[in-house]
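First comes the structure, then the notes that go with it.
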Protein chains: 2
Amino acid sequence: MRKGYRFERELLHKLWEIGFAAVRTPASGVMSYPCPDIIAGNGKTYLAIEVKMRSSLPLYLSKDEVNSLKEFAEKFGAKPLIALKVKGMRWRFFTLDMLVECRSNYKIDESIFYKGFDFDELRGLKQLRFEH
Amino acid sequence: MRKGYRFERELLHKLWEIGFAAVRTPASGVMSYPCPDIIAGNGKTYLAIEVKMRSSLPLYLSKDEVNSLKEFAEKFGAKPLIALKVKGMRWRFFTLDMLVECRSNYKIDESIFYKGFDFDELRGLKQLRFEH
């Protein structure tokens, strides 16, 4: 069972609330294809989301995980996003170019955490900051 | 457990083969949101697919099921499709306007089965027949 199932459900609810049709993918993939935790679309913007939760920062992500998300998103035609729930904080969303590279990993630490999108920004994401 | 899991896997493989990134959705939804069996995208075309298998025709679909697929697809921004595997036959794909209305249901019978798309057509679907 994938960790943080409750958080995925919470995120799914919120995505529907802000106008996205969103689905979770199965907890255990039977195939070797890349697959994000959540896929969402609103007719204009498509999102491939990897969902993470931590009791505190930083969050480390392996390069394999990030590359797999990127690969899926490019092929599908979606924006790859990391959704991060840190205990006691609101959800934040990160594009892959926001991640901090460190040795063989990527991380999200205090230096970039507050630059993450919040839900209000995600609602208008395409307009606000994707088009650079 | 959702019936026809093997066929969903087979379909998923084939979608990847023809250039789509495709995911299955979980067998048991915990939420009340509409959710197709498979979602796929190739950067240009997005598909919301309900997967069906029968030993013989016809296939009946409830209006609720069809409406739920339609609702999800409109919100997500995908083409709604019924994928049908009849024993001994190749996969066929149907848009919702191809379905035959009958009493409180829709059906796919011999009169429309051979009008369904095959994989070669799905590969070029957007160009071939979606733009009417």
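In case you wondered, yes, glycine gets a Cβ from its N, Cα and C as well.
TrEMBL entries are annotated by machine, without manual review.
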Ask   = Same Mg(2+) site as B:D37, B:E50 according to TrEMBL: which of B:E8, B:E10, B:E74, B:E101?
value = B:E8
Request  = Compute the C-alpha separation of B:K52 (site 'Transition state stabilizer') from B:D37 (Mg(2+) binding site), stating it in Å without decimals.
outcome  = 9
Query = Within 10 Å of the Cβ of B:D37 (Mg(2+) binding site), how many other Cβ atoms can be counted across all chains shown?
reply = 21
Remark   = Same-chain residues at least 6 apart in sequence with Cβ under 8 Å of the Cβ of B:E50 (Mg(2+) binding site), in sequence order, are B:P36, B:D37, B:L61, B:E65, B:L69, B:P80, B:L81, B:I82, B:A83
